[in-house]
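As given in TrEMBL:
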- LYS267: active site (ACT_SITE)
- ASP112, GLY113, GLU114, ARG171, GLN172: ATP binding site (BINDING)
- HIS205, ASP244: Mg(2+) binding site (BINDING)
- ARG269, ASP293, ASP297, THR298, ALA299, GLY300, THR301: D-ribose 5-phosphate binding site (BINDING)
- 1-54: compositional bias 'Polar residues' (COMPBIAS)
- 80-195: domain 'Ribose-phosphate pyrophosphokinase N-terminal' (DOMAIN)
- 1-72: region 'Disordered' (REGION)
Amino acid sequence: MNEQDTTAVLPQNAGQANETQTGSTPAKQPTTQFVAQSGYQAQTGPPVSSNAQQGGDGGNAKTGAERKRSGRLSDDKRFKIFSGSANRPLAEEVCKFVGVPLGETRLQRFSDGEVHFQLLENVRGADVFLIQPTCFPVDQHLVELLIMMDALKRASAGRVTVVIPYYGYARQDRKDRPRVAITSKLVADLLTSAGANRALLVDLHAAQIQGFFNIPVDHLFASPVLVSHFRDMNLPNLTVVSPDAGGVERARFFAKKLDVPLAIVDKRRTDINVSEVMNVIGDVKGRTCLILDDIIDTAGTLVKTVDALLDQGAEKVYACASHPVLSGPAIERIAASRLEQLVVTNTIPLQPEAQQISKIKVLSIAGLLGRAIESIHMETSVSTLFN
């Protein structure tokens, strides 16, 4: 397929709402010629150890590359990282960590929102990692991801690993009522059909979603970053709290790492995004409580849990979560709540309003993703990152 200038393939009367171009330098045709090959052959070697914890205040995550860089893959021309529009700052941090430039692309939209995507460099036979969380607007970013993968497949990429820091539609992982879809399985099928050879995911809402894929899946946990942060805080009389029964395993692991007690909040969900706190299981009187969840959406559950813990005699309440969805009234609820601090990661970029809330602190997972990407590229174990 011959490459064409973008203006030639877009109808003149269609128009574009905007254009996004990624890459470390202005778009240009690559000078390096790649030898065509039928498959990808990995460069072997041990993964590079690095500090996974990155931090920032007021919604601004510090770049992991400012503190430690790997740089092991900077000379490997068959190793490439590309990004969609959902969280380009995180992709840039990952690229700085591993020591490679962000791949050059052009993303345009017709006036009706239709996506047009073009790779601006050769990927034939390359080991490609495509970073794109399917966060708000979920449908738009998901379709954008599928189109980018199709472009990579048609450009003869050797292997495509889709890196999804936040997996949208993960909360619909089973039929919990009649005549509903299992969207997490549907999305897994779409990603595979679009050309993904492998998936790298972070803190899935339900671990069994890994089984919905017919391709290898590496499931990362943000816990090393979060545990390290709270260990450094050294909060007195700490108790880790699971906001529901479904999160007990995650909270138990967190409590074990910090060597602190565990409490559980019994809640019952009455409708979508609506829940009622029922009871606190465990002694929290006089304790500093740390609520652990995977997703903070409207923050209704979070605020009710904070109130329930304080009503049971807790001294202070902190919270942490991997994915700061923060939709609807979430920001206002958090700002007005009795919560001391909410610590999140940058799997999803914070809204400008959330960045102004002093209670919200962001930690970067760029180092964690970077080391996992290195391990996958060099065909070494990803699980060693959590030992």
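Backbone N, Cα and C define each Cβ position, glycine as well.
Note that TrEMBL annotation is computational and uncurated.
Location within the structure of each feature annotated in TrEMBL.
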residue	record	Cβ contacts under 8 Å, 6 or more apart
GLU114	ATP binding site	none
ARG171	ATP binding site	SER184, HIS205, ILE295
GLN172	ATP binding site	VAL180, ALA181, ILE182, THR183, SER184
ALA299	D-ribose 5-phosphate binding site	LEU326, PRO329, ALA330, ILE331, ARG333, ILE334, SER337
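Reduced to three states, the DSSP call for THR301 (D-ribose 5-phosphate binding site) is helix. DSSP assigns GLY113 (ATP binding site) to coil in the three-state reduction, outside any helix or strand.
Mean pLDDT for the domain 'Ribose-phosphate pyrophosphokinase N-terminal' (80-195) in this predicted model: 97. Reported as a whole number, the C-alpha separation between GLY300 (D-ribose 5-phosphate binding site) and the residue listed as 'active site' equals 12 Å.
In this structure, the CA atom of THR301 (D-ribose 5-phosphate binding site) is 9 Å away from the CA atom of LYS267 (active site).
In the structure as shown, the Cβ atom of GLY113 (ATP binding site) sits within 10 Å of 10 other Cβ atoms.
Sorted by the number of other CB atoms within 10 A, the binding-site residues THR298, THR301 start with THR298, the lowest.
For LYS267 (active site), the nearest neighbour among the listed binding-site residues (ASP112, ASP244, ASP293), judged by C-alpha distance, is ASP244.
Note on the domain 'Ribose-phosphate pyrophosphokinase N-terminal' (80-195): DSSP counts are 40 helix, 29 strand, 47 coil. Between the listed binding-site residues, namely ASP112, ASP244, ASP293, ASP297, the fewest other CB atoms within 10 angstroms of a CB are found at ASP112. Cα spacing between ASP293 (D-ribose 5-phosphate binding site) and ASP244 (Mg(2+) binding site): 9 Å, rounded to the nearest whole number. Neighbours of LYS267 (active site), defined as other CB atoms within 10 A of its CB across all chains, total 19. A Cα-Cα distance of 28 Å separates ASP297 (D-ribose 5-phosphate binding site) from ASP112 (ATP binding site). In terms of C-alpha distance, the listed binding-site residues ASP112, GLY113, ASP244 place ASP244 closest to THR298 (D-ribose 5-phosphate binding site).
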